[in-house]
Amino acid sequence: MANPKEKTPMCLVNELARFNRIQPQYKLLNERGPAHAKMFTVQLTLGEQTWEAEGSSIKKAQHAAASKALSETTLPKPTPRPPKNNVNNNPGSITPTVELNGLAMKRGEPAIYRPLDPKPIPNYRANYNFRGMYNQRYHCPVPKIFYVQLTVGNSEFFGEGKTRQAARHNAAMKALQALQNEPIPEKIPQNGETGKESEEDKDANKSEISVVFEIALKRNIPVTFEVIKESGPPHMKSFVTRVTVGEFTAEGEGNSKKLSKKRAAMAVLQELKKLPPLPVIEKPKPYFKKRPKTILKTGPEYGQGMNPISRLAQIQQAKKEKEPEYVLLSERGMPRRREFVMQV
């Protein structure tokens, strides 16, 4: 078919049959013609109506019968679904997140996305008394909504969507509307502050747990995370995690172990940042002795037990000269006792 997304007649017949609670039946009535040019006749039964059609294959005959049924049937047809509104109608266009990344690079302010906890959905236990197998089998679950916090410099934006990517796009669109008309800030690097700023930018892209471990590793102090409390029903559990970094301790709470661990790390980071900076120790530059590019293994002592042919070829390669050429000059003697004369 010209459009791969367009539904086939058989697919439309199946939808019509489901809508009317009946089962379509295809039956092969006849097969005629030679093996290389066969013609098939198929009958389609839909409720009390039947249609026949021919085709060069069984599938084509089925589609032809389905097309006839769609145009001639008296059964009520389902209402067509409205087309989906694509947020990005142009497949070649730039997404909001990509456009924002470009703007953020120009401004020198990285775009940082952080997922937020979804809002708790009330647990409605409605006693629906569905009748019929169709309504019992097919439930429509409550759609999950994702929330994202976007930070660009000192500005914060919040986005939401049915998927995590849609939430990021939503936040990026809000950021673009707010930042596109703002002037690009000028950064004046000052001595002694550039290194610190770069370290803070690097830390901003890392998780709080990773930063805690890095600080502890640099200062040679132990780190332990421990879940100290777990409460609530199975579908809405709450966890409390305690982090200990040397003499500092902090706790974090969340609806998952990972989230409580992250919040505990965020709390202890506030204390760790108050510690005095470590003294800068300049590491001596390692000295590497340069190896010669080519090691000439041409000494008389080297390769005593090696095959003479291989040894000669190795010497020539080390000298960057042509490999030896061998020419057969003559051969003589009986078949089982032949002698050869070679020139190299």
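Keep in mind that glycine also has a Cβ here, set from the backbone N, Cα and C atoms.
Note that the structure is predicted; figures quoted are calculated from it, not measured.
Residues or ranges marked as domain 'DRBM' in TrEMBL: 8-75, 95-181, 207-274, 307-344. If you look up TrEMBL, you'll see 63-94, 182-205 marked as region 'Disordered'. As annotated by TrEMBL, compositional bias 'Basic and acidic residues' applies to 194-205.
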What average pLDDT is reported by the model for the domain 'DRBM' (307-344)?
86
Summarise the domain 'DRBM' (207-274) as counts of helix, strand and coil residues per DSSP.
31 helix, 24 strand, 13 coil
Go ahead and report the DSSP secondary structure tallies for the domain 'DRBM' (307-344): helix first, then strand, then coil.
11 helix, 11 strand, 16 coil
